[in-house]
Amino acid sequence: MKKIILLGATGSIGTQTLAIIRENPEKFQVVALSFGRNMERGRAIIKEFKPKMVAVWHTRDRVTLEAEFPNVKFFNGLEGLREVATYLDGDVLLNAVMGSVGLLPTLDAIEAGKAIAIANKETLVTAGHLVMRAAKEKNISLLPVDSEHSAILQALNGENTERIEKIILTASGGSFRDKTREQLSAVTVKEALKHPNWNMGNKLTIDSATMFNKGLEVMEAHWLFGVDYDDIEVVIQRESIIHSMVQFVDGSFIAQLGTPDMRMPIQYALTYPDRLYIPYEKEFRITDFSALHFEKVDYERFPALKLAYNAGKIGGTMPTVLNAANEIAVAGFLNGQVAFYNIEALVENAMNRHTSISNPDLDTILQVDQETRAYVKTLL
């Protein structure tokens, strides 16, 4: 039985992870977890899964829960996340928190010898060189939970990675894939949160609409699979049936197909290289799709993706700036402070004023992250 540490238990990925664990109680046990502000859902999870250690964000929530669950050890804040991530009895850390707050717990878990299932893409975006180096030194498996990177991992099983010609990441195009740039100026938060194919959290859905999410995934793929940015291509695949593919030097392609359901990559990260049965409401039949559609990305229509490629190629602290600026800009949009159209402009502004620092250490990354957030907040 694998003992799971789950960060971000009440979020979209966390909820679907718990569904897998619920279906397979003989294979998995939740021994520690974290959640943010959703106390009602958090209480229900604690009652059902009976973790031994829990981290919440606010001190007041920790105090409240300590009175309700005297047999559980509680922590709060970032230090609480770090405590839970290194819980001695845990085998696997599944990091599903949103944002760069996931970086330090991941590094701590690697240092503690935990296997890592990574859904927090910001960890690799901001500090990929540090994370991959630490994982290599500790001989730690770093398995992707993102559907695209899980697809690449599956396509590369048994393959010689030196024979990769290109990695192709697929994208749905998000909520506004058929709108022009001019039409984006007046879109609302409600409209932006309607993703055509996937059920995701608010931040991720907005990132999908701008395609910053795909840009972060490009950087994540660069670190996970050691492929140059020029050899990572993004294509629009409207149906979200082909989750990504690899092109090899002989001209052949290997792709992973399946229903757009995050339980598939989550279970694969937890059971790799094995697979589990997943009960679906509707069986996936390839014959239900008379055609699958592919389109080139229009980088003028999706400038966020171009910004992400530029940040990745510049390297150093520039990806940290892009990520931090985007997190603040998206929060501003969700709070009604920023027009959707201006999310990319705020990120570009932050990148233009920053001179990248090469091969940054952890303290430098954290400092640049905080400085960027503070700067972008002044622009809201």
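Just so it is clear, glycine is given a Cβ too, placed from its N, Cα and C backbone atoms.
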Looking at Swiss-Prot, D146, E148 are annotated for Mn(2+). Which of E79, E83, E191, E217 sits in that same site? E217
Since Swiss-Prot lists T10, G11, S12, I13, G36, R37, N38, N120, E122 for NADPH, which candidate among G174, G201, G215, G226 does it give for that site as well? G201
Would you count the other CB atoms within 10 A of the CB of E148 (1-deoxy-D-xylulose 5-phosphate binding site), including those on all shown protein chains? 25
Out of T10, S12, G36, N38, give those binding-site residues positioned within 10 angstroms of K121 (1-deoxy-D-xylulose 5-phosphate binding site), comparing C-alpha atoms, in sequence order. none
Compute the mean position of the Cβ atoms of D146, E148, E217, which form the recorded Mn(2+) site, and then list in sequence order the other residues of that chain whose Cβ is within 8 Å of it. K121, P144, S147, H149, S150, L169, K214, E220, A221, S244
Among the binding-site residues listed as T10, S12, G36, N38, E122, the Cα nearest the Cα of N213 (1-deoxy-D-xylulose 5-phosphate binding site) belongs to E122
Helix, strand or coil: which one is E217 (1-deoxy-D-xylulose 5-phosphate binding site) in, per DSSP? helix
